[in-house]
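Undergrad: The structure that follows is given in the form of structure tokens.
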Amino acid sequence: CNCKGHADYCDDITGVCKNCRDHSTGDFCEMCEDGYMLARSLDGHHNCRPCACPLSVPSNNFAVHCDRGGAILRCKCQEGYAGHFCERCAPGYYGNPMAIGNSCKRCDCNGNSDPNLIFNECHNVTGHCQHCWGNTGGANCERCASGFYGDAISAKNCRECECNKCGTSLCDDRTGVCHCKPGVTGRLCDQCEEGYSGFASCQGCRRCECGPASIRSTCHPLTLSCPCRPGAGGRYCQRCLPGYWDYSPSGCQKCDCESGHCDMHTGECLSEAAVNLCNISKWSCDECIWHLIGDLRLSNKTLDQLKVGVLNISTGAAANDRLKYYNYTALRLQLLSRFSTKLSDAQAFLQKAASTLQETEDRNKANILKFQRNEVISVNPTSQAPMECHSLNVTEYHAAIDGASQKLMEKTERLSLADRALVQRADDHAEELEKHANELEEDLRESDANGFVQRAISAANVYNNIVKYIDDANITSLTTLNLSQRAEDVCSLGTDFPERNALNLDISELSLAHPLHPFSDRTPQRLEFTLKVAEGTLNRSAEVLQTVTPITSKVEEWATNMRNNEYSTDAYEQAVLSAGEAVENLNFLVPELLDKLKVVEEKKPVNNVTTNIIRIRELIAQARSVAKKVQVSMKFNGQSSVEVHPHSNLEELKTVTSISLFMRVDPDKDPIEDRFILYLGDRNGRKDYMGLAIKNDNLVYVYNLGDEDVEIPLGSKPVSQWPAVFNYIKVERLGRHGKVFLTIPSQSFTDEQKFIQKGEAPGSDSLFDIDPKDIVFFVGGVPPDVKLPPPLSLAPFVGCIELGSLNNDVISLYNFKETHKMDVVASTPCPRYTFLAFSQSRIASYLFDGTGYALINNIERRSKFGVVTRFDIAVRTVANNGILFLMVNGDKYFLLELKNGFLRLMYDFGFSSGPQIFENNLPKLQINDARYHEVSVIYHQSKKVILLVDKSHVKSMENPKTTLPFSDIYIGGAPSSILKSRPELSAVEGLKGCVKGFQFQKKDFNLLEEPGTIGISSGCPEESFMSRKAYFTGESYLGSTAKISPFDNFEGGLNFRTLQPSGLLFYHSEGSDEFSISLENGAVVLNCRGTRVKSHKKQYSDGRTHFLVASVNNQKYSLLVDDKDKQEKKRPASATRSSSDTAVKTFYYGGSPSSSFKNFTGCISYAYVNRQDQDIEPEDFQRYTVKVQTSLQDCPVQRPPAALLSRHREHTSRAKQNQSQKVSRESSLPLGLMELKGDDQEPSEVNIERCYLSSSPRALRRAFHYGGIANSRQHYTDLPDSFSERSHFSLSLKTHSSFGLIFYVSDVQEDNFMALFLAHGKLVYTFNVADQRVKIKSEEKYNDGAWHNVIFIRAGSMGRLIIDGLTVLEERAQGSNISWHVNSPIYVGGVPPGAAQRNVQRNSAYSFTGCLKNLQLNGQWLSSLAETFGVTPCFEGLSEAGTYFSEEGGYIVLDEMFDLGLRFELVMEVRPRVASGVLLHVRSAQGYFTMYIHRGEAVVLVNDGSREFSTKVSPKQGLCAGNWHRITVIRDANVVQLDVDSEVNHVVGPLNHNSTDTKKPVFIGGAPDVFLPERIATRKAYVGCMRSLTINNSQVSFSKAVLVSGAVSVGTCPAA
């Protein structure tokens, strides 16, 4: 018996073995049982061993069967397992098959997972459900989610808890019972317990107990303060007032001192200067802070207590209050208002009312203690006695009114015409504010050891400067009035001028460029418009006055009541509410008033009268810069959110986006859950976006560039394992490539840890496409009216965040547009530093961005000028120019600067010989090399200046003996008013770089704590010294080396901007082989060994920034510009030779020393190449070894003004019209026909207009939509050789169709075939085996509109159909070794007309309607797509009726029954997604008729065989605004009328008597290029929706068209 040693007996006739053992099977024991495979033993016999799927032990062998093809083991896995070796669990299962004894189990989510998911999805290792549905939560969705209650398993009725979120600590997830926070009561936890207060803090209520010196034991229920006995003070009467001591239950004793002040504990007399008085002030919060700071300073607390107290105070109330004050200044700033008088009166009345109340209380106390009822104390309404901080809550509205007053003061000065008294009052007010500011800064400087508050309130310094320019702004207003009057005078002279051109007199421009120049007929209308603007502004101003008046009247009434002893709680509440309502009204009225004046701020000044406006703009920029640099965190409580001002240069964000931040979570206090962190993108959650979140205990970076969401989880460090400190996070995106970084700082027992994760977006889109009008930047959460994309729709963040940078620009949460449920006082920010970070040491470094500066006033306060006076500064920069330090006093100055990279010294102390200058190109003086250099200036014996660099003497300069005439010093920059005060200083620039320490006479200064410092920040990030941009002059280039393979495997991208039509962008050569990317006649060209790929457009030398990506692989060369212009070429067979492996190669940007091509002139930025030895990241040009005449600073290339471009087009048009004088009655040629053409006659399309609707609606990746026509389909070629023996197809299907063909392939005669189709909603898989048929039909219906995974396999005569991984159906035909061959193509979605009829039932032989995705053959994507007919991407979102022409291109051909000859009427409705495209084209033997859109215009172009003529209409709202447009064309021989949305134009062309009326095919939505006229302005296919096409009143049905070619969806369009 031939049983291979695995059986002892066999049949004595047939030889078939009996009872095979050792897991063998088969007639001769020659095969193995399922789960085992043949293996040759050492003795040559075949043994059956367990499949290593994944491990060769029985407990971990999960294969149905396996075999070995060559050296590769192939496993067919059991249900629930996936992977080549069954090494992981399939979707819907969890476990770890690689661990011995472990297996995959089905996910158990209790039926509460998302029903839209194909599988019951859970974590593939832990089994935790990831998409709980119906408000459920927990590892198995077994309970209601937080904030919901009910039965999650049986009844599935989880509903929202009714508890008050502010007062509830926990809502029971079963019963809904509310568990209250401490001090809170009520069924819904919605009120404080009796005797408790502070519910609004959402931190629970605390008992409001008064101190021993209070008259009553509990505080007042309205004011929440306590009435005190004589001499006692504080909110709870817990201490003595200033001027009193010896605290006891009976109060405090008055100090017996001449100064009136003593130590409140000992009674020891103190000078007045040593006492921190609680003065009457406008800011109640600050008053309380001053008291507390005084208490802290005077008490003998430990250093730790002092540190915690100051930190909390600094980062809490003071920072928030001061920043709100700044926001009024920076966001609303304009000019002073005449209405400040009324508000000042209201303010005075409030002061009087508060004083009167205090006096009334004092009198009552006196009456009780001394006189009972007999003595009457008079009330002095003008008394200015100090008000106690706890007196009344009225000061909150007092501060709010003062804030409204600031808005008006700062913003409406231009309406004030000649009120000198008002200006005087403004100056008085400014002095008062300055006095308060100085007091504030002096007090804070003593307690602000961390420097936090100083950075937060630096905006107040800006405000002081703004007040100084109020008077100048008033004069500007007068000048504007004078200009208007002069304009009227010019009007009266108008008839004296023969020529009349436009007079530039618009109130919004505040300019009269040439008052005596001729003017146009529009001048009276402009003057009338000016009067209307002024009149409307005054009307709005009157409304503001009317709103202010109730405040005054109510306060007067309140003050009178108080004087007459008529005070009551009701009266108090009513007065406060009235004032609050009036202030709220102002919040609505003031912005409207500002809108009237906004044109003043936004217009660019053109003459000297607007110098003051320039200065005010500078102050606005400085104030905003200050807010950006407040390095203090915010604490988020799970309900709060902050909207931050986004980046000012949105164009830069398109190519590269980088955000850094510090984040602190405390897993012990707040368990880690899925939470939102930040979002940058569209307000409605559409279009491109990027964000950060915590998901499944991982930090996840999410972004979308228009294709599908990319999620990059940082799985190497779960968030629950982070220490409760500030950890540094950075996310960045360069083109499609994204990274997330995490740095955990060193702790007591651990070193610093760094983690990184990479990813990239699918598809070819590389740009972050954002609309400046809709972009938002939210941190911590979002308000309810903002919609987030699904991956970020998570619970708000809990913890502390401090923003670091956005694209390397310092940014702060305190530069916010708006906060939502954020209380910085109640939720104290987390301290970022564990010790006092700023001290008088040289460790501190400061970052200067070119706009800010440090100002040290009265520099001699630390040390005096002496015989030797020394200044030391350490500087690190890559900038060419910048101020190091500057001293100015009138005409005298001293300047140390960087110019062209070298140190330059210039000073003049009033010398008769003029300024002393030292400049030299000595190598020692070049310090812009990104390293720190110590620069010292010594002034010796008042007559010699000595310059040291890195402690080495460089130069000494003698001058006449003069004492240094300066007291202040500017570092890193100076205000423009200072720089413009002398011509020698007018050209100097602010420093971009870092300064580490500044010393005067060897004494250190903390620059951040100096009151005059504006717009600098601490720290010195390395990114500041990387050069990502370079400017090339046409003779310059940059060179470097790297391990790259440009000819074989290459990806590179870069931004470029130029006005020159030609230039070399990137170059590499190996011998005679060249690889280059260049600009040629305005087009981008990729050249790889002579194979050229050229962009379609030729207008890339327009001065705008463009982004290109070039790639090379073993199949094709690709070039993509601006995500729109994509061109490809197959790699020629001759190019298969490989270049020298991984050797280091030299490459160049901007030119080359060897190429014959012209070098580039312009800017290149954010370039990258795929180096083989490092990740993709922007090239740092600073590190390049070859730099020839290249500037690594700002790019000077600017786009020409639009007026210049239009003037150029106008001249071009006129010149061409002069050349063609023979045109008779026809109109001028359509836009684009007259323009110059390149050598290859490609049409010109300058300034491509972007449409409101994206040309790429959001679609699923690798998914296509079929249907709408009977033969919608795709053709795939290149069948593998093994296809005749075995095939394994897989796809995902979504449809509502009951019938329809999904897949079909056959031979020419259709004898051999294979098909997958729908019949009555069921899936049918069939193929032939000779004359037999294998037919497998599902029992269930799958036309339910959900996604289903389908696998259909043919192995000889066996067929298998697997649906959703659960249903496996198998059939087999008789016979074997039967020849079976089919031919390409494979048809997907349908077949050509007439095909498949003999093999597929009739009603299923036509296209199904629905989507297919992820089509694979034998595990490989089907990529050989040859032809497409009526198939588009499978778009997400809603759809509507119509026919959609997708951006991949396509067209419809109507048959000849539709007559578009000499006479017809045509109507269509369109909603374009591109500015240019062909709508309709008919070609005849004699000529053509074409209708297209171009740059927002509808154009009809006609040629009847004798001459071309055209007409066009430009609708007012444009064609690209996202709306439907109705277009009607009527032709009557040589007359053509075009009507677009009732706007009509027509043309009368030449009459051709030889024209005949013939019927020809009609192309809709585009046409093959060969059919289109040569002189058409655009050859692009139309992209957008089209509906309701009628020709001669007959409705056109596209579903019955002769041909639907390309990406056209008949019947449905993606909704707007």
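Every residue, even glycine, has its Cβ placed from backbone N, Cα and C.
Features from TrEMBL:
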- 1-50: domain 'Laminin EGF-like' (DOMAIN)
- CYS20-CYS29: disulfide bond (DISULFID)
- 51-106: domain 'Laminin EGF-like' (DOMAIN)
- CYS77-CYS86: disulfide bond (DISULFID)
- 107-160: domain 'Laminin EGF-like' (DOMAIN)
- CYS132-CYS141: disulfide bond (DISULFID)
- CYS144-CYS158: disulfide bond (DISULFID)
- 161-207: domain 'Laminin EGF-like' (DOMAIN)
- CYS180-CYS189: disulfide bond (DISULFID)
- 208-254: domain 'Laminin EGF-like' (DOMAIN)
- CYS228-CYS237: disulfide bond (DISULFID)
- 423-450: coiled coil (COILED)
- 631-830: domain 'Laminin G' (DOMAIN)
- 843-1020: domain 'Laminin G' (DOMAIN)
- 1027-1195: domain 'Laminin G' (DOMAIN)
- 1204-1229: region 'Disordered' (REGION)
- 1263-1434: domain 'Laminin G' (DOMAIN)
- 1441-1613: domain 'Laminin G' (DOMAIN)
Undergrad: If you count other C-beta atoms within 10 angstroms, which of the disulfide-bonded residues CYS20, CYS144 is the most crowded?
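TA: Top count of Cβ atoms within 10 Å goes to CYS144.
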Undergrad: What Cα-Cα separation, expressed in whole Å, is found between CYS189 (disulfide bond) and CYS77 (disulfide bond)?
TA: 55
Undergrad: Around CYS132 (disulfide bond), how many other CB atoms lie within 10 A of its CB?
TA: 25
Undergrad: Taking only the Cα atoms, work out how far CYS237 (disulfide bond) lies from CYS180 (disulfide bond), in Å, as a whole number.
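TA: Approximately 30 Å lies between the Cα of CYS237 (disulfide bond) and that of CYS180 (disulfide bond).
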Undergrad: I need the most crowded of these disulfide-bonded residues: CYS86, CYS180. Count other C-beta atoms within 10 angstroms of each C-beta and give me the top one.
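TA: Selected residue: CYS86.
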Undergrad: Determine, to the nearest whole angstrom, how far the Cα atom of CYS180 (disulfide bond) is from the Cα atom of CYS29 (disulfide bond).
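TA: Computed Cα spacing between CYS180 (disulfide bond) and CYS29 (disulfide bond) is 74 Å.
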Undergrad: Is the domain 'Laminin EGF-like' (51-106) in contact with the domain 'Laminin EGF-like' (161-207), using at least 3 Cβ pairs under 8 Å (sequence separation of 6 or more) as the test?
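TA: They are not in contact.
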Undergrad: Examine the domain 'Laminin EGF-like' (107-160) against the domain 'Laminin G' (1027-1195) and state whether at least 3 Cβ pairs sit under 8 A, considering only residue pairs 6 or more apart.
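TA: Contact between the domain 'Laminin EGF-like' (107-160) and the domain 'Laminin G' (1027-1195): absent.
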Undergrad: Let me check the 10 A CB neighbour count of CYS77 (disulfide bond). How many other CB atoms are there?
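TA: I count 24 other Cβ atoms within 10 Å of it.
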Undergrad: Is it possible to list how many residues within the domain 'Laminin EGF-like' (208-254) are helical, extended or coil according to DSSP?
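TA: The domain 'Laminin EGF-like' (208-254) comes out at 0 helix, 17 strand, 30 coil.
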Undergrad: Using Cβ atoms only, which residues of the same chain lie under 8 Å from CYS29 (disulfide bond) while being at least 6 residues apart in sequence?
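TA: Once residues fewer than 6 apart are set aside, CYS29 (disulfide bond) is near CYS3, LYS4, HIS6, ALA7, CYS17, CYS20.
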Undergrad: Mean pLDDT over the domain 'Laminin G' (1263-1434): what is the value?
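TA: Within the domain 'Laminin G' (1263-1434), the model's average pLDDT equals 91.
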Undergrad: Given the disulfide-bonded residues CYS86, CYS132, CYS141, which lie close to CYS158 (disulfide bond), meaning Cα to Cα within 10 A?
TA: none
Undergrad: Return only the integer: C-alpha distance in Å from CYS228 (disulfide bond) to CYS86 (disulfide bond).
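TA: Rounded to the nearest whole number, the Cα-Cα distance is 79 Å.
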Undergrad: Looking only at CYS141, CYS158, CYS189, CYS228, which of these disulfide-bonded residues has the biggest number of Cβ atoms within 10 Å around its Cβ?
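TA: Of the disulfide-bonded residues CYS141, CYS158, CYS189, CYS228, the highest Cβ count within 10 Å belongs to CYS141.
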Undergrad: Round to the nearest Å and give the CA-to-CA distance linking CYS86 (disulfide bond) with CYS144 (disulfide bond).
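TA: Rounded to a whole number, the Cα-Cα distance is 35 Å.
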Undergrad: For the C-alpha pair, I'd like the distance in angstrom between CYS77 (disulfide bond) and CYS141 (disulfide bond), rounded off.
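TA: Counting only the Cα atoms, the answer is 29 Å.
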Undergrad: Applying a 10 Å Cβ distance cut-off over all chains shown, what neighbour count does CYS237 (disulfide bond) have?
TA: 27
Undergrad: I'm trying to understand the geometry here, so how far is the Cα atom of CYS132 (disulfide bond) from the Cα atom of CYS144 (disulfide bond), in Å to the nearest whole number?
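TA: Distance between the two Cα atoms comes out at 10 Å.
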